[in-house]
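Heads up: the structure comes next, in structure tokens.
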Amino acid sequence: MEVEDHKEEHFTVAVRVRPFITREIESAAKVGWELPGPTSIKETNGERMFIYDNVFDQSTSTQILYEEICEKLVWKSLEGYNGCIFCYGQTGSGKTFTMQGSRKDSPGIVPLSIDSIFTYIQQTPDKSFLLRCSYLEVYNECVNDLLNPSLLNLQIQEDKQSGVKVVGATETVCTSISQVNSLLYLGETHKQIASTNFNMRSSRSHTIFRMIIESKSRSEADNCLNVATLNLIDLAGSEGANVHGPTASAHRTREMSFINKSLLTLSTVIMRLSDRTSNTPIPYRDSKLTRLLQPSLQGESKVVIICNISPSLDSYEESLSTLKFAQRAKKIKQIIVKNEIHDSKALIVKYEHEIKTLQEKLRDMETKLFEESESQDYNDTVVKMELKLSTIQEEKDQLDTKMESLMQDKLEMQSELERLRSMILVSENVKINPESNDAEQFTENNSKLNDRRRVRLSVMRESVSGSSQSIARVSYRPSEILLKSGSDIESRFRKFPTIDESKVPDISDSGEFRETMLLDKLDNLKELLESEEPLERMSMMLTPQDIQEAREFIRHSDAHEKKEEPQIDFIAIIQEQDGIIQSLQGVIEEKDEQVALLKDELELCRANLARIQKQLKEMKNK
Ligand SMILES: Nc1ncnc2c1ncn2[C@@H]1O[C@H](COP(=O)(O)OP(=O)(O)OP(=O)(O)O)[C@@H](O)[C@H]1O
């Protein structure tokens, strides 16, 4: 603690005379006091005159009063000096009007102080502040929390370090004027108010709005911290028996006796403090009010007392008593000290430390997030998955197309089968007469077929000798199969012996070929059905064209050699092909599942990436 200039200071004491109110005007009350100057007040019907720091007449607004005697004290509290402002006076003399006022028409000292505090903070960029507010009332000698009505009869504790403290009282950290005003409003709703003969809205309790102001230089070099308490007190008014009339309830009488007792104790404390020659103990502990005011009254605070009086002669005695109280208070001197703290117990230091730690954590997290979002691995994974997805999608599309064409082929084969069946029936039952017209027709067809056979053989030979790059159909020898495929399938079948063209028998003369060609193809087809590769299996499928060609070829040879056409099991072929179609459907379904899974995974990856980027962006904005 540091003594400011080591100078003694008096309490600042001012008197405020309110205007006549309706009740007084109606009773044609006479003026009891006149104001000869800005610091003096004199009896209208006598010689008594009192001098104070300020005397405010009926026309002075609370704003002027505040600027004259309160503003400096509030500023001082922001520099680390405790401050206490309270209004004293008889009931209905204007204490609440002066302390609270009305926000709209005539703001009181409390809202004006709050404005000053925030203006000061705004205009002091080299310091940081922390503001905590509490709002208490002393009602019937019980300390109640006005910010939490369930907290009643709180205990007052006193220790050397933290001074007088109300245990468990709500302390709210406030960061804006509107937040403090909300607290005030909340407190007002819980305050004890009743209607009396003197005041429609009479305060039945003493209320203490307390702000604890921590302030600290923002310079690293200066680690000194100031903590000040600003108490803004609206006392209940002293009351005579006439305040409630002869029919006063026990409840009101009890309230009145508590109010008067505590005010009397305050009066005694002020009297003892003003008489420095006396060694009599000061009875702070005789009332809750004086216990709470003790730190301010015994020398730790700058104090401003506003004594409110009615101008009416009818209230002369009460006003005189108030003026005498003010006169005693005026004599009190004290050495004001600035509260400087050099340890880290203050909340602002604790919070600053927490902020620093959190900022460091945030920076770490930001770096991690940045690294992760920038990580090649992560992006690679996304790219790889996208690629995989598109490959599988392509494969699936390819399979879909093949599937469609297979289905089409199957339909054609079925219709061909029907046609062939009818033809087989005809050839079995009907003997062909070579002399007939039919035979002529047959011979003509036969020669056309032989032409086709020759063309076909030359294509086959060309293919086998490698002159054709894209082989539509490859025939190695009669027992080999007919293939339609791409180069991979082609190479797969290069395992078959390479053909020696000179040894290729004349197809037209080969009776074996006619019978075995389709059967071989069927055998190969069966063998390849075991294959793992659906595309290869599919490529081995017989097309209706294959079947028709083979059929015609066989029929022609049979006719030529006058042999019976071999019975080819087309139903078996279709069934085999159905098997392939089914297995293909299975593969397509698998692919569908894979695509769906990959899409989900990719979505997740993208969502994660978006989330990380968003977090990063928010952190950067902060
Ligand atoms: N300076 C003033 N100008 C105009 N009206 C005032 C002034 N002071 C007080 N009044 C009016 O006088 C009445 C009583 O004032 P107020 O309630 O502030 O008295 P009080 O001292 O707080 O009374 P109590 O001790 O019973 O609570 C109110 O109607 C208030 O509006």
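Keep in mind that glycine also has a Cβ here, set from the backbone N, Cα and C atoms.
These figures come from a predicted structure and were not determined experimentally.
As annotated by TrEMBL, ATP binding site applies to G89, Q90, T91, G92, S93, G94, K95, T96. As annotated by TrEMBL, coiled coil applies to 341-423, 581-622. According to TrEMBL, the domain 'Kinesin motor' annotation covers 10-332.
Feature map: TrEMBL annotations on the structure.
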residue : record           : Cβ contacts under 8 Å, 6 or more apart
G89     : ATP binding site : K95, L235, G237, S238, C307, N308, I309, E318, T322
S93     : ATP binding site : R18, G237, N308, I309, S310, S315, E318, S319, T322
G94     : ATP binding site : R16, R18, C87, N308, S310
T96     : ATP binding site : C87, G108, R201, S203, D234
Filtered binding-site residues, from Q90, G92, G94, whose Cβ is under 6 Å from an atom of ligand 1: G92, G94
For the coiled coil (581-622), distant same-chain residues with Cβ under 8 A (at least six beyond the ends): 362, 365-366, 369-370, 372-373, 378, 381-382, 385-386, 388-389, 392-393, 395-396, 399-400, 402-403, 406-407, 410, 534, 537-538
Beyond the site residues G89, Q90, T91, G92, S93, G94, K95, T96: chain residues whose C-beta lies within 8 Å of the centroid, for ATP: R18, C87, N199, G237, N308, S310
Neighbouring C-beta atoms (10 Å sphere around the C-beta of Q90 (ATP binding site)): 25
Segment-level pLDDT (mean, integer) for the coiled coil (581-622): 76
Candidate with sparsest Cβ neighbourhood (10 Å radius) among T91, G92, K95, the listed binding-site residues: T91
